[in-house]
Amino acid sequence: MVLAKQWVLKNLPTPGEPFNFHFHDPACTFELIEKELSSEQLKDGELLLETTYLSNDPAQKFWISSMDKNYAKGVQPGEIIPARGIGKVLASRNKAFSPGDYVSAVTGWTTHAIISQENVQGLRKLDKNKVGKLWWYLSVLGGTSLTAYFIFFTYAQLQEREEDYGKVYLISGAAGAVGTVCIQLALNVFKASKVIAIAGGPEKVAFVESFGDNVVGVDYKDPSFKQKLIEAAGGENTVDYFIDNVGSNVLEAGVLLLKQRAMLIACGAISAYNDPSKFVFKGYSFILTKRLVVKGVLVTDNIDDFPKALDKLGSLVKHGKIDLLKSATLEDGTGDKFKNVPLIWKGLFSGVNKGKLITKVNNEE
């Protein structure tokens with residue numbers, strides 16, 4: 001038997017509005033509970049997992065409180081807060097998994113979880129011997145790196161050939177989980193002539209510029225942001241591909257830089273996740289006048305190609321074209337620090353992370 005700590009939804013939030021993180025407030029969005037779990041509770045096909053790492057993703061905002069039922073149904077009071085993670089199998093009544101196996105799963109914000117037979121179908125067994133640390137499967141070999149891969153190879157339809165080399169890229173949210181890998185793919189695979197990397201604050205600007213001499217960082221918090229963005233690009237109508245993770249005024253400023261018939265790839269809109277008014281896009285006329293190609297990205301649309309993509313990402317890591325140390329930030333959520341799990345996730349929206357933000361819940365063996 002194990003005593004699981006679980007963060008559950010306490011109060012149903014208003015879709016699009018900020019969550020309440022004041023844990024002693026009766027109106028708090030979340031509640032930390034404890035629950036006894038044991039192998040005796042397992043039904044046929046089920047697993048008992050110990051969570052090792054949790055992935056922190058902006059999209060969890062909508063997994064918890066849905067604004068669009070086509071994307072996610074949301075969470076009801078008493079249900080565990082959803083999150084992807086890595087866990088160790090403690091007990092199994094499923095022939096495909098044995099105690100001691102590590103798996104990628106939707107664990108939720110919990111130290112231990114029973115995975116139903118229905119959800120076992122989405123599990124992926126992880127080979128610990130192929131990586132230095134298991135958290136690599138959430139960073140350079142995880143969903144955000146897969147997103148970056150598909151942006152280039154599927155949505156932009158780029159190939160490793162001369163005609164696709166030397167392009168100019170604009171990347172917003174460039175210091176984040178998707179952005180850092182996009183910078184490296186642009187530079188190290190597609191030989192970008194320039195990457196304009198938008199990040200928040202001088203430290204983040206210095207971080208994105210550390211990826212290479214062809215990277216020009218621009219601070220979106222700077223009062224002269226729009227002018228400095230134009231200067232970094234060398235003027236308007238200079239960018240071939242704009243990979244946007246932010247939305248709002250950053251998106252509107254970036255569209256000005258795109259060439260005619262350039263491509264805008266919409267990957268996220270983190271600036272609007274706590275303020276729906278920022279979903280408004282005022283640059284629609286430029287889509288028409290510049291004849292832009294606009295594509296929206298959901299990584300799960302490409303699930304059949306995950307094995308191929310992971311092989312490629314693994315090769316890029318092996319050959320030093322993706323830097324492991326610059327691709328993730330780890331936070332400690334072990335023991336009593338598990339109480340900080342919601343606050344660690346909240347840090348995404350104030351930009352505490354460089355690369356993928358991962359919470360450690362239990363030690364690897």
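The backbone N, Cα and C atoms fix where each Cβ goes, glycine too.
Taken from Swiss-Prot, the feature topological domain 'Cytoplasmic' covers 1-133 (among others).
Feature annotation from Swiss-Prot assigns topological domain 'Extracellular' to 155-169; the stated evidence is sequence analysis. Long-range contacts of the topological domain 'Extracellular' (155-169) within the same chain: residues 182, 186, 189-196, 233, 238-243, 263, 265, 295, 297, each at least 6 residues beyond the stretch ends and with a Cβ under 8 Å from a Cβ of the stretch.
Per Swiss-Prot, topological domain 'Cytoplasmic' is recorded for 191-365 (among others).
Long-range Cβ contacts of the transmembrane segment (134-154) within its own chain (Cβ-Cβ under 8 Å, at least 6 residues beyond either end) map to 52-53, 55, 57, 84-86, 102, 104, 126, 128, 177-178, 181-182, 185-186, 189-190, 243, 265, 267, 297, 299, 302, 305-306, 309-310, 312-314, 317, 322, 324, 327-328, 330, 355-356, 358, 360, 364. Per Swiss-Prot, the feature transmembrane segment maps to 134-154 (among others).
Taken from Swiss-Prot, the feature transmembrane segment applies to 170-190 (among others). Counting only same-chain residues 6+ beyond the ends of the transmembrane segment (170-190), those with a CB under 8 A from a CB of the stretch are 57, 139-140, 144-145, 147-149, 151-152, 158, 160, 164, 196-200, 204, 207-208, 211-212, 214-215, 217, 220, 233, 239, 241-246, 250-251, 254, 257-258, 267-268, 270, 316, 321-323, 326-328, 351, 353-357.
Sorting the topological domain 'Cytoplasmic' (1-133) by DSSP state (H, G, I as helix; E, B as strand; all else coil) yields 15 helix, 48 strand, 70 coil.
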